[in-house]
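Student: Just passing along the structure, written as structure tokens.
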Amino acid sequence: MGNTYGLEGLGLINPGNIYRNLPVARLVEMALARGEGVLASNGALSVRTGKYTGRSPNDRFMVDTPSVHDTISWGAVNQPLEEARFEALFRRLAAYLQGRDLFIFDGFVGADPAYRMPIRVVNQYAWQNLFVHQLFVRPSAAELEAHEPQFTVICAPGFQATPEVDGTRSEAFVVLNFDRRLIIIGGTSYAGEMKKSIFTVMNYLLPERGVCPMHCSANMGPAGDTALFFGLSGTGKTTLSADPERRLIGDDEHGWSDHGIFNFEGGCYAKCIKLSAEHEPQIWNAIRFGSVLENVAVDPDSRAIDYDCDALTENTRAAYPVDFIPNAVIPGIGGHPRTVVFLTADAFGVMPPIAKLTREQAMYHFLSGYTSKLAGTERGITDPQATFSTCFGAPFLPRSPRVYADLLGERIAKHGASVYLVNTGWTGGPSGIGRRMSLPYTRAMVRAAIKGELEGVEFVPDPVFGILVPTSCPGVPAEVLNPRHTWQDKEKYDAMARKLAGLFAENFTKFRDVPEEIRAAGPVVR
């Protein structure tokens, strides 16, 4: 029998062939030969993930053991699973994998050698192994030789849970076991589950080392200045950080340590619904041989791609290594950020397109994490809905929100970063009536903030939200900056703004131990 690479130590015995860290071309060949996908006209591997075209947050669990019981914030996001249930589920999963070919990726999460974690991902499908090969940090030959994983993901979409036996909610499951340093995934082919489960692990482990883990993108200017972009799925993190005038560090997950910031990943996972070469040339050009397209419409004859088609899902995705973006920062490490941007997709159409935040307002809005759940990023979401996701990443935060807010607040104060709130959502009315914010205008506002061009501009407090709105911005018409001016019916705007202010206040009641100066930094409710 060939090298099993220590899989028997996990409890995986009698596998078929084992393929470890295959090069991209071989993984693409094998995925095609196994009927897992097709080659699109631009060379990317195009796959479909079945009925699960987004994350399935209701199907994610954490094993409740004494070592983590008091440090995990249990609830609807972090659902507990008994240890015995995990072991029984894992035994059946291991039995299912006997005799099947397995694909192993050994690599790292974390670009900074001081904080990176060696990981292993074991896949049933070649295309998913290509995905993790492109998304995580790839090892050198010497690093691979010495690799000893500290956390393992086993992903077998073909294996399904039995809810009444396993204690799950459906046939799909994502279970994190911190004691076993093991994640098991089954019943869903959506590759984002692997990425986000490892992100959750980092969000649990890094605060103990004084590192602030963040759901954000990051880039670097010509002078080495760095900027962060926080926001939930679909708010513009990937799009706005892929700026031809700046160098991309990473598009989704970073840590902020005493030394600066670092990317957790080695790749990008971009939404590509309505992708255009005109508006997002860097992402457009990154989708080529070696990239993976998830649930994107591809003509069966010509293999031409239709990025506008949402027949399978709004949540169409492209995965590619960060070095497919020209001039990306490799390794993904930068200095302390000078600018922090909170992105929100406001479905009510009443938030300003850009506003400056005081330190207290920054903490209020970070804890609130207001945005809209955009169609397709989770199962069951077909129209935008107002939502509050603490720290712009509640689905991935195992600990209390205060842990992450305190870490970020300390970093912002210590390094004097300017914080802006940017609305990439609707203007001139709520979703369905108003229009989506112009991407060129948003880019112009973000560039002005990062370059310091708003520092000398007059700011006026928003009468409802209290945040500081600039009266002018290079490249943006003045009337766009004041959301009330974009509505035909000003009374309807006022009513909608009051409604959203009330939702902010209602949501913030759950933070009982927050200092009064932060609580007072929220919208004025009349």
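Glycine residues also receive a Cβ, built from the backbone N, Cα and C atoms like all the rest.
Predicted, not measured: the structure shown is a model, and the values here were computed from it.
Annotated substrate binding site per Swiss-Prot: Arg55, Tyr190, Lys196, Arg317, in sequence order. Marked as Mn(2+) binding site by Swiss-Prot on the basis of sequence analysis: Lys196, His215, Asp252. The ATP binding site annotation in Swiss-Prot covers Lys196, His215, Gly231, Leu232, Ser233, Gly234, Thr235, Gly236, Lys237, Thr238, Thr239, Glu280, Arg317, Thr442 and rests on sequence analysis.
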Student: Report, in whole Å, the straight Cα-to-Cα distance of Arg55 (substrate binding site) from Gly231 (ATP binding site).
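Tutor: If we compare the Cα positions of Gly231 (ATP binding site) and Arg55 (substrate binding site), the gap is 16 Å.
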Student: On the three-state reduction of DSSP, what should I expect for Lys237 (ATP binding site)?
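Tutor: Where Lys237 (ATP binding site) sits, the three-state DSSP reduction gives helix.
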Student: Long-range neighbours only, meaning 6 or more apart in sequence with Cβ under 8 Å: which ones does His215 (Mn(2+) binding site) have?
Tutor: Phe199, Phe230, Gly231, Leu232, Asp252, Glu253, Cys391, Phe392, Gly393, Phe396
Student: On a C-alpha basis, identify the one among Arg55, Tyr190, Lys196, Arg317 that is nearest to Thr235 (ATP binding site); the candidates are the binding-site residues.
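Tutor: For Thr235 (ATP binding site), the spatially nearest of the binding-site residues is Arg317.
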Student: Determine, using Cα-Cα distances only, which of these binding-site residues is closest to Lys196 (substrate binding site): Ser233, Lys237, Thr239.
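Tutor: Checking each of Ser233, Lys237, Thr239 against Lys196 (substrate binding site), the shortest Cα distance is to Ser233.
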Student: When you measure from the Cβ of Arg317 (substrate binding site), how many other Cβ atoms are you left with inside 10 Å?
Tutor: 25
Student: Spatially, which candidate from the binding-site residues Arg55, Tyr190, Arg317 is nearest to Thr239 (ATP binding site), comparing Cα atoms?
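Tutor: If we rank Arg55, Tyr190, Arg317 by Cα distance to Thr239 (ATP binding site), first place goes to Arg317.
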Student: Validating a neighbour-count step here. Other CB atoms within 10 A of the CB of Ser233 (ATP binding site): how many?
Tutor: 25
Student: Counting only other Cβ atoms and using a 10 Å cut-off, which of the binding-site residues Arg55, Lys237 scores lowest?
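Tutor: It is Arg55 that, of the binding-site residues Arg55, Lys237, has the fewest other Cβ atoms within 10 Å.
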Student: Ten-angstrom check, please: count other Cβ atoms within 10 Å of the Cβ of Lys196 (substrate binding site), all chains counted.
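Tutor: I get 24 for this one.
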Student: Using C-alpha atoms only, work out the spacing between Arg317 (substrate binding site) and Ser233 (ATP binding site) and round it to an integer in Å.
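Tutor: Distance (Cα to Cα, whole Å): 11 Å.
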Student: Tell me which residues of the chain lie with their Cβ under 8 angstroms from that of Tyr190 (substrate binding site), as long as they are six or more apart in sequence?
Tutor: Thr49, Tyr52, Thr53, Gly54, Arg55, Ser56, Glu294
